[in-house]
């Protein structure tokens, strides 16, 4: 019996005039956010499959590099990143963007690395929704509070203020590549302040050996594993193919350094459980890895060799069952995340695929491409076993 052909998208969203760089679903509403290389940010209705809003979020010369929505950010906010050195936080008003951004982070970063909103562990969609209602509890007694570990040079007073503030409200952090392309910076989206940089060094110190010779940081993931007592962790992928795992309680030295790729790491995704993830790069490898926070290790769980090199984007569904990659060969590849086996190769797009993302209810997947389209897919419903 022959294999069934891969499905077609349930809808194709057209309207962007240039390459669609990133895509993100609203945490609870039937809305999709997309950003393109000419600076346009569009909001789409995923039920009626039409655009409900369009705005020029960043300059046309620099474009939108990334967009993100999150239950931790709030129901009425999204953030965008441009190659103009800024990250902007927007209010969603009647389905459209606020005329002016609520907050602008002047990161002075003009690179290709997409930002990462902090990912906090959740075992169910209800936990994410409870955050917007002010709930501080998660299963197992963990809290949504994210604490900042200050280095020895930060005063005790500043440290106390940070921790008190974080306990009082659900602070949301974002990680970006810094003005120095080997460094990762963490910013507070409530205050607009830069909190810390990795690796941490004083002005009179020489370049940190942990990132020396690795080239630019090309991919980053910011997350808060349940074992960390609320302290942030960062995965950073570099130009030489290496991946560094950081615990900000020790901002000078990474917990571990591994080299899963032979070419630049272009995308990192951490599962909602924060105990592993998937990476892709400019080589012909897709790597699924485990994170052990008690030992500070990152180890390969599954390595997949591609016929054609190049992975621009990766995503793991919230339920941890499915993962997908966006390829240079115009293909979206879908995998069983738990077992590591291939499930489908989707061939709709006619140019490089830049990003892929799953809806919070696990029903939809969206793919973005240089062909200026966004495709919506319904694959492997969450209530069915694989």
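Using N, Cα and C of the backbone, Cβ positions are placed for all residues, glycine too.
Annotation comment: Swiss-Prot describes 15-54 as repeat 'WD 1', evidence class sequence analysis. Taking H, G and I as helix, E and B as strand and the rest as coil, DSSP gives the repeat 'WD 1' (15-54) the counts 0 helix, 23 strand, 17 coil.
In the repeat 'WD 2' (62-100), the DSSP tally of helix, strand and coil residues is 0 helix, 21 strand, 18 coil. Residues or ranges marked as repeat 'WD 2' by Swiss-Prot: 62-100.
The repeat 'WD 3' annotation in Swiss-Prot covers 157-197 and rests on sequence analysis. Across the residues of the repeat 'WD 3' (157-197), the predicted structure has a mean pLDDT of 75.
Note on the repeat 'WD 4' (213-256): DSSP counts are 6 helix, 21 strand, 17 coil. Annotation comment: Swiss-Prot describes 213-256 as repeat 'WD 4', evidence class sequence analysis.
For 260-299, the entry in Swiss-Prot reads repeat 'WD 5', with the evidence type sequence analysis. If one looks beyond the repeat 'WD 5' (260-299) by at least 6 residues along the same chain, the residues whose Cβ comes under 8 Å of a Cβ in the stretch are 119-123, 215, 218-221, 223-228, 233, 235-243, 245, 247, 305-316, 318-320, 323, 325-326, 333, 335, 337, 340.
Marked as repeat 'WD 6' by Swiss-Prot on the basis of sequence analysis: 306-347.
Per-class residue totals from DSSP over the repeat 'WD 7' (348-386), listed helix then strand then coil: 0 helix, 16 strand, 23 coil. Residues or ranges marked as repeat 'WD 7' by Swiss-Prot: 348-386.
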* **Candidates 15-54, 213-256, 306-347; stretch with most C-beta pairs under 8 Å toward the repeat 'WD 2' (62-100)** => 15-54
